[in-house]
Amino acid sequence: MGQPSRTQNEASFAGAINISVEEAEGQPLLGGGQETRENLHHEPSCIMEVNGDGTGSSTRPLKVIDEENLAVEIPETAHQISSDSWFQVGFVLTTGINSAYVLGYSGTIMVPLGWIPGVLGLIIATAISLYANSLIAKLHEFGGRRHIRYRDLAGFIYGRKAYSLTWGLQYVNLFMINTGYIILAGSALKDVYALFSDDHVMKLPYFIALSGFVCALFAMSIPHLSALRLWLGVSTVFSLIYIVVAFVLSVKDGIEAPARDYSIPGTTQSKIFTTIGASANLVFAFNTGMLPEIQATIKQPVVSNMMKSLYFQFTAGVFTNALANIAAFLQTVIALHIFASPMYEYLDTRFGITGSPFSIRNLSFRVGVRGGYLTINTLVAALLPFLGDFMSLTGAISTFPLTFILANHMYLKAKKNKLTSLQKLWHWLNVYFFGLMSIAAAVSALRLIAVDSKTYHIFADL
C-alpha cells in the first residue's frame with residue numbers, strides 16, 4: 001500500500017485540510033507494515049489549538065489506527081487548558097501529594113517498616129517517583145501533538161486496547177483515592193466531635209456522609225482544575241497547620257513519654273505481607289496517576305514548565321488538636337477535587353458542557369452528575385472505612401502500573417530509536433521489577449482486607 005505524499009503530511013500537521021484519514025485524496029493514510037507503523041507516530045490524532053481564553057478547540061478529529069486497524073478518536077475537551085503557570089501547577093501537585101494522607105503514613109509506612117527502612121524507603125520513593133513522572137512529562141508532546149489525558153497518550157503509542165485499559169486503571173485509581181479522601185475527612189470530623197462530646201451518638205458513617213456532601217458542594221462550585229487558583233493557597237495553609245501541629249505534638253510526646261519498643265510487630269509471615277503492603281503505600285505517597293491531565297493546564301513550553309512544577313513538588317492541647325483536624329478536613333475537600341477532575345472532564349466533555357460554568361444547564365448538570373459520583377464514593381467510604389487497606393490496594397493495582405510500569409514502557413517504545421542498549425535494559429528492568437512488585441503488593445493488600453474484614457464490619461465506627 002502506498003505511503004502518503006510529503007504534501008499530505010505537511011497539510012495534516014498545519015491543519016490546512018479538515019478531512020479524515022481515509023478521505024485524504026482517496027489515499028489511505030496508514031497501511032500495514034513496520035515502516036507505515038512508524039509514520040503513525042509522526043501524525044497527530046487531532047489538530048488541537050488553544051484559544052485566547054485558554055480553552056481547547058480542534059478541527060475534526062483525525063484517527064489513530066493501531067495494528068488491528070481500530071480507531072482511537074480523541075475528543076475535544078470541554079475544560080480549560082494551556083492557561084496556568086508552572087508555579088500554579090506546582091501547587092496543584094503539592095496539594096494533591098501533601099494532603100491529609102500524610103497523617104496516616106506513620107501507621108501505614110513507618111510501623112510496618114521501622115524507623116531506618118521507613119525513612120530510607122520514603123527517600124528512595126521520592127527519587128524514583130520524580131524519575132517516573134519526568135518520563136511521562138517528556139512524552140506530553142510526543143508525535144507532534146499534546147496528549148492532555150493519560151489514556152490519550154497510551155492510545156497514541158499502543159492503540160485502542162491500551163487506551164481502554166489505561167482509562168480503566170486510571171479511574172479505578174482516582175475513585176479509590178477519592179474514597180480514601182472522604183474517609184479521611186470523615187475521620188477528622190469525628191475526632192473534632194470526640195474532643196467536645198462524650199455521648200458518642202454520632203458515628204463515623206455519619207461524618208463520612210457529611211464529608212461527602214461538603215465535597216459535592218465544592219465540586220459543583222469549581223468547574224475545572226484551573227479554576228482552583230486561590231483555593232490552592234488556602235489548601236497550602238491548611239496543610240501547614242496540620243503538619244506543623246502533628247510535628248510539634250510528636251516532639252512533645254516523644255520528650256515526655258517513657259521509652260517505647262519500636263520493633264516491627266507481628267509474626268514472620270505477617271511482617272512479610274505488611275512490608276510488601278507498605279511498599280505500595282510508599283509509591284502511593286508521591287504519585288497522582290493523572291500527570292498528563294494536570295500538565296494539560298500548563299502554559300507553553302509544556303515540558304520544561306512541567307519539569308519545574310515536578311521539582312517544586314518534590315522539594316517544596318484540645319484546641320490545637322481541633323485546629324489540626326479541621327485543617328485536615330478542609331484541605332481534604334480541596335485535594336479530592338484535584339483527583340476527581342479527570343472524571344469531571346470526561347463527563348463534561350462527553351455531554352458537551354461548555355459555556356458559562358454557572359449557567360442553569362451547566363450548574364444543574366454538575367449538581368446531578370458530580371453529586372451522584374461523589375454519592376457513590378461516599379457510600380463506598382462508609383461501607384469500608386479501612387484507610388490503610390485502600391492505600392495499599394490502590395498502590396498495587398493502579399499506582400504501580402500507571403506510574404512505573406506504563407511510564408517506563410511508553411518511554412521505551414516512544415524513544416526506542418534514540419536509546420542505547422544500556423538505557424533500554426534499564427527501562428526493561430524497571431518494567432519487570434515493578435510488575436512483580438505490583439503483583440506482590442496486590443496479594444498483600446487483599447490479605448490485609450481479608451484480615452480486617454474479620455475484625456471490622458461494614459459501616460464500622462473506627
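Just so you know, the numbers here start at 1 and follow the chain as drawn.
Every residue gets a Cβ built from N, Cα and C, even glycine.
The shown structure was predicted, so the numbers you read here are calculated from the model rather than taken from an experiment.
The domain 'Amino acid transporter transmembrane' annotation in TrEMBL covers 84-320 (among others).
Break the domain 'Amino acid transporter transmembrane' (321-446) down by DSSP state and the numbers are 108 helix, 0 strand, 18 coil. Marked as domain 'Amino acid transporter transmembrane' by TrEMBL: 321-446 (among others).
Beyond the transmembrane segment (113-132), the same-chain residues lying 6 or more positions past its ends with a Cβ under 8 Å from any Cβ of the stretch are 105, 262-264, 275, 278-279, 282-283, 285-287, 310-311, 314, 403-404, 407-408. Positions annotated as transmembrane segment by TrEMBL: 113-132 (among others).
Here TrEMBL flags 171-192 (among others) as transmembrane segment.
Residues annotated as transmembrane segment in TrEMBL: 204-222 (among others).
Residues 88, 91-92, 94-95, 98-100, 102-103, 222, 320-321, 323-325, 327-328, 330-331, 334-335, 337-338 of the same chain lie 6+ residues outside the transmembrane segment (228-251) yet bring a C-beta within less than 8 angstroms of a C-beta in it. According to TrEMBL, the feature transmembrane segment maps to 228-251 (among others).
Same-chain residues lying 6+ beyond the ends of the transmembrane segment (272-291) with a Cβ under 8 Å from its Cβ atoms: 93, 96-97, 101-102, 105, 108-109, 112-113, 118, 121-122, 124-126, 128-130, 132-133, 136-137, 150, 170, 173-174, 177, 264, 266, 314, 338-339, 341-342, 388, 391-396, 398-400, 402-404, 437, 440-441, 443-445, 447-448. Per TrEMBL, transmembrane segment is recorded for 272-291 (among others).
The feature transmembrane segment is assigned by TrEMBL to 311-340 (among others).
As annotated by TrEMBL, transmembrane segment applies to 393-411 (among others).
Residues or ranges marked as transmembrane segment in TrEMBL: 431-450 (among others). For the transmembrane segment (431-450), the residues of the chain that approach it from at least six positions outside its boundaries are 273-274, 276-277, 279-280, 386, 388-389, 392-393, 395-397, 400-401, 404-405, 408-409, 412, judged by C-beta separation under 8 angstroms.
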